[in-house]
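Okay, structure first, notes after.
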Amino acid sequence: MNEVLIHIGWILILMKVVALLLFVWLANDSLRSLICGRPKNLPKIEFEHSFFIYICVALAFSVAGTFIGDLILDLGMGVQAKRQVFYIYFSIHEALFMVTVLQWHNLKRCEFARITTYGFYISVTIMMLFLFRYVDRVIFDADILRGIYSQVVALSNLLITLIFICYPVQRLHQLIVEKFIRKRINQ
């Protein structure tokens, strides 16, 4: 079962990379401007800059988290020690992710897009779930969250991936429709 989840995790990361590449290709600003430039005062440009920040940081943290999670599971420690390291690390990991996104927004003086805020809600939920799971498994040794923990983590990863994909797909659809309409008008 864990092997299947690992493969699904890497497939989701691959989908995020494809979404990022598609986003950069379809963006209104250049890659250089998206990385370090300040967005113009146009809502669409502000949205793209905020979304780009979120995508880049989330992708980097997703890849790092996958590698580090595998390292934690392969450590030569007891099960209880692995649980302590795992849940505490990933709670801190989610908090650092949110701080990094906030700092990059502040550095660029970029407004938060609504979709970035929704991604933050998911991250806060996951961070709290890791902390509750830590208390559940390590402190109380109750395993009450067993039934929902893995489903919530998998669902949140899927939701984050859908957030990554939604705008590039919508933008690609918009460009195809515009091209089709222009072609019809020119005929």
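FYI, residue positions are counted from 1 along the chain as it appears here.
Positions of Cβ are set from backbone N, Cα and C atoms, glycine also.
Here is what TrEMBL records for this protein:
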TRANSMEM  6-28  transmembrane segment
TRANSMEM  49-73  transmembrane segment
TRANSMEM  85-104  transmembrane segment
TRANSMEM  116-135  transmembrane segment
TRANSMEM  147-169  transmembrane segment
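With a cut-off of 8 Å on Cβ pairs spaced 6 or more residues apart, the transmembrane segment (116-135) and the transmembrane segment (6-28) reach fewer than 3 such pairs and are scored as not touching. Below 8 angstroms of C-beta separation, residues 6, 9-10, 12-13, 16-17, 19-20, 23-24, 27, 29, 34-35, 37, 39, 82, 85-86, 89-90, 93, 96-97, 100-101, 104-105, 108, 110-113, 115-116, 119, 160, 164, 167 of the same chain, each at least six residues beyond the ends of the transmembrane segment (49-73), sit close to that stretch.
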